[in-house]
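As given in TrEMBL:
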- 16-111: repeat 'Solcar' (REPEAT)
- 119-208: repeat 'Solcar' (REPEAT)
- 217-302: repeat 'Solcar' (REPEAT)
Amino acid sequence: QEIGIMVGFKATDVPPTATVKFLGAGTAACIADLITFPLDTAKVRLQIQGEGQGLVRAAANAQYRGVLGTIVTMVRTEGPRSLYNGLVAGLQRQMSFASVRIGLYDSVKQFYTKGSEHASIGSRLLAGSTTGALAVAVAQPTDVVKVRFQAQARAGGGRRYQSTVDAYKTIAREEGFRGLWKGTSPNVARNAIVNCAELVTYDLIKDALLKANLMTDDLPCHFTSAFGAGFCTTIIASPVDVVKTRYMNSALGQYSSAGHCALTMLQKEGPRAFYKGFMPSFLRLGSWNVVMFVTYEQLKRALMAACTSREAPF
């Protein structure tokens, strides 16, 4: 239930419909992606850096150092547009992906709780896992293309793909239909984990703040909940995210499976490799969560206010 006074759009008496949540989540996620995409690109570059090299060699040959260093290096060597490599696929991904995993979360949660207002942590986790896995099933090809674009400077400075459409066609032609769905299993695992950590943590922090009367259901509450959710998600999801990125970006036959990719990383680069790109991951997830959840809450209210005023013009 919406409580308190909103900074911005006020809560309406009518709760948002499933359609409003679906459209609002996709739009909010696209806005968040537009703002935080350079951090995501920096994260991908740091995650694939040193791939297949030992720990000492990787450190000696490191092209990118830190978040800011990676962004500065990319701008200097490839131009500012390189920070937005794969943006079209990224927006396609968010519109299909976030709409399902975030927009349908409340509906699926209600399904598991059989309409009860008091959802247990188990029901929330189950709902997060379900919508996270379902979203991957819908949006996996867009994720593969996005990662390939973000990583493509690795191939000796040459462009691996000329456009988003060319990437879809080339991957399908060279690697078959399965190429577009490469890394589905680690991505399902990652997004079930991310979705649970992100949505359930946001849900729990927001509920706790409201029940303890520490905050009202307004922007500061949404900001605090989203920031906490971003931090928790990064810690939990980083290892699976690195494996997913490496495996999606790998050449045909480089790894036999996602498990083989993880084992190779562990043997050649050690356990710390699973937290490569942690800082850009946190900066990206933290800021993405803040922008997305704050925008999502506002969009839900704006859309419901528009629907209400259209139905009752006088």
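From the backbone N, Cα and C atoms, a Cβ is placed for every residue, glycine too.
The helix, strand and coil residue counts that DSSP assigns across the repeat 'Solcar' (217-302) are 73 helix, 0 strand, 13 coil. DSSP places the residues of the repeat 'Solcar' (119-208) in helix, strand and coil in these numbers: 75 helix, 0 strand, 15 coil. Looking just at the repeat 'Solcar' (16-111), the mean pLDDT is 82.
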